[in-house]
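S.K.: Submitted below is the structure of interest, expressed as structure tokens.
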Amino acid sequence: MKGINGAKRVRHDASPSAQDGYVTPEKRVKRWSGGQTAANYREWDVEEVCLFLASHGLGELEVIFRENKIKGRILEYLTDSHLKDLQISSVALRLDLLSCLRMLCQNSPSIMKVFNDPIHGHIELHPLLVRIIDTPEFQRLRYIKQLGGSYYVFPGASHNRFEHSIGVGYLAGCLVQALHERQPDLQIDMRDMLCVQIAGLCHDLGHGPFSHMFDGRFMPLACPQKKFKHESASVAMFDHLIQSNGLEEAMKENGLCLPDDLTFIKEQIAGPLSSEAEQQFNSSPNSSSWPYRGRTEEKSFLYEIVANKRNGIDVDKWDYFARDCHHLGIQNNFDYKRFLKFARVCEVGSKKHICTRDKEVGNLYDMFHTRNCLHRRAYQHKVGNIIETMITDAFVKADPHIKIEGANGKYYSISGSVDDMVAYTKLTDNIYHQILYSNDPNLKEAREILQKVERRHLYKYIGQTHPHSNSRIEPDKYDKLPADLASSVPQTSAKDVELHAEDFIVDVIHMDYGMKEQNPINNVRFYCKADPRKAIKIRRDQVSQLLPEKFAEQIIRVYCKKTDEKSLETAKRYFIQWCMNKDFSKPQDGDVVAPDMTPLKASWVDDDDDEDNEGKQQTELLHKSRVKLFTN
């Protein structure tokens, strides 16, 4: 008599051979060993998969698995919806099978590659991610500084986009895995997990030399008509990486479905891919329409892991907070591991969003405050910024004379290389030293600027001011600011010193909490312990009275290219006169630099008195509160 798996059943009698587990050769049954073969379950053929099913009491599924030719490499990607499609109607049977498959995948010896990261410790990455890392396009990130010119101010800031990208890929896996384990009903499958990790790994492939200096300073000057964004370049570089290294087949072997999963990965990096959908999404990110094609609205939360366009809470920030603080020597006050413990998905309207516990709202405000502190103390450091400005000047002057070979033997300039990924792969921070050590007479001006950077002969900082919120300077006016400043000649300036527009650099900086003037917490949803399924909104006044009233400001810094003492003294008076003319805030050293000028503006004189009066009122109020507290 045969069992359900078609094999002869073993006799269950009291004979010594049966009790001892010994079966005569003619009675032996081929069994799944559960030992050595389990380590290589991805290499199983259909029959070996069926033996595994039979050994776990799931032999009735053998026919289905044989008919659909399901091999070992598919097992870890099977989900409940897949089993339904296979006409497995019994819920209990599906759950038993998924439980067995989960144990198989977890208990088999790991095929992951281990990296020892200074921030996250020993981390494991999927072999497909390692295949992506081991390509020239990804290795290029080893030669692009994470913080650009900040390395010239902070000696420890020598880290590169390479290690940051690996960290983001790892954290993306941590978050999606946490959601999968906490909420199996979300039906996050292995395809989803792998795509999210790949998106995290590849999100910065498109960065140019010195990272944000390239897209924030150089490209707007060298090629303003291109509207270059490193996210779009990351998508183009990702396509080039996959095609030039023949990774499509490796992706399919690991269970990905092309081209849908490629679309999903690219959408996580750069947002909606079609221009119409992107424009609609940028104008109204909370719109009810669904702009993505890689995943349905049912899995909308997956788009909030790598680059969260909704509120800015994503694994990219988590890694650069920890990594940048480590290398800068600045304290990091945000603990992403705590966020992982409380993250869960809740429905908000027709979409599903990643939410956190209501008690975590204060920590999220601290997270955005940490971001603001990093910008003030490091990313927008006045010396780091002027060094990047000088490097940008050198690159702009060198741009027409640098030739980088691209596809089909065509050559491109620095700014033109973004149109050809073969050329762009060769463009890294090394271009700095290529210019610095060049003997080309066409690069003389650029070379001299970089030599000044090397000798620390920098453009001199003149001062800083703030425009009022109702008089913000628009980007299309930036080019006119140096000329406007040069025309603000103070009456008491030195007659033998004349300054022109080309002598000034005016740097306009935007500081915010990541979403311009908006409070990003307004776009975060929380849940409470009483009902974890219900998403709620928490207003700022429900948290604390000490939180910021405004979430964005504009800072204007002025530098002078002339470095002699007389020119600098005159430049500072020009600057103060310009601030008076434009009704900007009084420079911090205004009373010291030009004590004869600042009293001429009434609002500047009254500022101190107003602040003193306000301080007295606050002190009196605090005193009354204490009296009331101790007399009750």
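Numbers here mean position along the shown chain, with the first residue as 1.
Each residue, glycine too, has its Cβ placed from N, Cα and C.
Since the structure is predicted, the reported quantities are computational estimates derived from the model, not experimental observations.
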S.K.: From Arg140, Arg161, Arg310, Arg338, grab the residue that Swiss-Prot records in the same dTTP site as Gln146, His207, His212, Lys317, Tyr320, Asp324, Gln380.
M.R.: Arg161
S.K.: Per Swiss-Prot, which one of His164, His180, His240, His353 shares the Mn(2+) site with His203, Asp204, Asp316?
M.R.: His164
S.K.: Take the mean position of the Cβ atoms of His164, His203, Asp204, Asp316, the recorded Mn(2+) site. Which other residues of that chain put their Cβ within 8 Å of it?
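M.R.: Nearby residues not in the site list: Arg161, Ser165, Val168, Gly200, Asp319, Tyr320.
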S.K.: Summarise the domain 'SAM' (44-107) by DSSP state, stating how many residues are helix, strand and coil.
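M.R.: Counts, helix then strand then coil: 46 helix, 0 strand, 18 coil.
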S.K.: Quick check for the class: what is the C-alpha distance, in angstrom and rounded, between His212 (dTTP binding site) and Asp324 (dCTP binding site)?
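M.R.: About 14 Å separates the two Cα atoms.
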S.K.: Around the C-beta of His207 (dCTP binding site), how many further C-beta atoms are within 10 angstroms, looking at every protein chain?
M.R.: 28
S.K.: Round to a whole number and give the Cα-to-Cα distance in Å for the pair Arg161 (dTTP binding site) and Asp316 (Mn(2+) binding site).
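M.R.: Between the alpha carbons of Arg161 (dTTP binding site) and Asp316 (Mn(2+) binding site) there are 12 Å.
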S.K.: When you tally the Cβ atoms that lie within 10 Å of each candidate's Cβ, which of the recorded positions (Arg161, His203, His212, His230, Lys317) has the highest tally?
M.R.: His203
S.K.: For His207 (dCTP binding site) and Tyr320 (dTTP binding site), what Cα-Cα distance in Å is obtained after rounding to a whole number?
M.R.: 15
